[in-house]
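The annotation transmembrane segment is assigned in TrEMBL to 49-70, 76-96, 108-132, 144-162, 174-194, 200-222, 234-254, 266-288, 309-330, 336-361, 373-391, 397-419.
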């Protein structure tokens with residue numbers, strides 16, 4: 001998440017991004033002046049949606065690789081590689097989304113910059129299998145494509161920040177700080193390609209470099225009083241990526257059902273897994289979009305970094321649920337050493353993480369304790385997920401355990417639809 005304000009001086013605001021008035025062509029270069037954070041009817045552009053498609057590909061490949069890693073017993077390596085890829089892709093996406101919320105001009109310069117970032121995502125995606133292989137066999141960073149692709153994505157944003165600095169003298173310092181620290185981090189990332197790092201060294205270097213990139217927006221939020229992005233536009237971007245990530249749940253469902261159907265036709269297990277997978281995706285979608293993130297960011301703009309950074313975990317947990325369903329498919333095919341209980345855990349654990357973190361985010365943005373209804377919903381959710389694991393330990397088939405897992409999101413839907421939504425709006429101090 002990136003903040004774009006540089007001083008407390010009034011912002012120069014552009015209500016609309018078209019560049020037709022700046023040159024002979026419709027999308028000629030225009031000064032990248034800051035957009036009005038209160039602009040009406042601000043929505044995601046088709047270019048942003050096109051960019052999102054590259055994350056669909058990256059999430060899909062990453063989920064498949066993690067499923068194979070878990071199924072083959074490489075749990076620690078699989079989780080580490082999965083988290084590494086998720087962070088790289090989401091952080092690059094998040095950085096651009098917040099930048100575009102403040103400075104998007106929709107001219108050929110912006111379009112070219114986004115194209116470069118899309119190239120970077122695809123480059124990263126080609127290196128995902130090698131990354132998993134390296135982690136599984138000695139914890140080595142074998143994939144140069146991962147690092148090079150990430151650097152390509154970030155360098156494109158450096159150019160955009162410098163362009164914004166040139167067009168906004170009152171915000172130039174903050175823009176240059178972003179550009180400088182992003183560039184420095186990329187130089188260090190490139191350096192990792194030329195040194196041999198063991199597991200501990202790789203972990204330390206990764207944490208330091210990721211912390212360096214995350215710290216700049218946090219510093220600027222503390223340093224300056226107002227934000228430069230559009231709260232509802234940014235909330236929409238989070239929501240759209242949530243829907244994309246929920247698609248991984250549906251993909252995992254399709255993989256499991258396809259395997260069951262191929263082996264046994266439309267058996268009871270195939271029907272249960274199909275209904276359960278779709279129900280899980282629908283229930284999680286329902287619960288997530290009951291949180292009015294746009295209104296929250298509008299009323300509490302200084303908490304935007306919290307909202308953004310917590311979404312790292314939300315996105316990753318949703319993608320992991322899809323990978324968990326794929327693990328079940330691999331087990332049914334006989335291509336896995338993981339137990340039935342392990343397969344259940346691969347779905348139940350990320351489900352628990354998603355619900356807990358979502359409620360923790362509600363508390364964090366309003367700095368209040370959860371209401372009783374949410375405490376009850378959270379308790380029942382954990383009970384349902386724990387129950388699915390206990391049933392698996394008792395020898396109950398995976399499909400039946402998955403049907404119990406389905407209760408988790410729908411417990412929350414029931415609570416939200418009765419009194420939870422009103423309670424949330426009241427506690428978030430926004431209009432229902």
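Glycine is treated like the rest: Cβ placed from N, Cα and C.
If you look at the transmembrane segment (76-96) against the transmembrane segment (144-162), you find at least three C-beta pairs under 8 angstroms, all six or more positions apart, and that counts as contact.
Packing against the transmembrane segment (49-70) from elsewhere in the chain are residues 77-79, 81-82, 85-86, 89-90, 93, 96, 114, 117-118, 121-122, 124-125, 128-129, 131-132, 136, 240-241, 244-245, 247-248, 251-252, 319-320, 322-324, 326-327, 329-330, 338, 342, 346: each is 6 or more residues past its ends and has a CB under 8 Å from a CB in it. By number of Cβ pairs under 8 Å, the transmembrane segment (266-288) is matched best by 397-419 from the list 144-162, 174-194, 234-254, 336-361, 397-419.
When Cβ distances are compared across the two stretches, the transmembrane segment (200-222) makes no contact with the transmembrane segment (234-254), since fewer than 3 pairs at least 6 residues apart fall below 8 angstroms. Residues 25, 27-29, 32, 47, 50-51, 54-55, 57-58, 61-62, 65-66, 68-69, 77-78, 81, 84-85, 88-89, 92, 96, 100, 141-146, 148-157, 159-160, 163 of the same chain sit 6 or more residues outside the transmembrane segment (108-132) yet have a Cβ under 8 Å from a Cβ within it.
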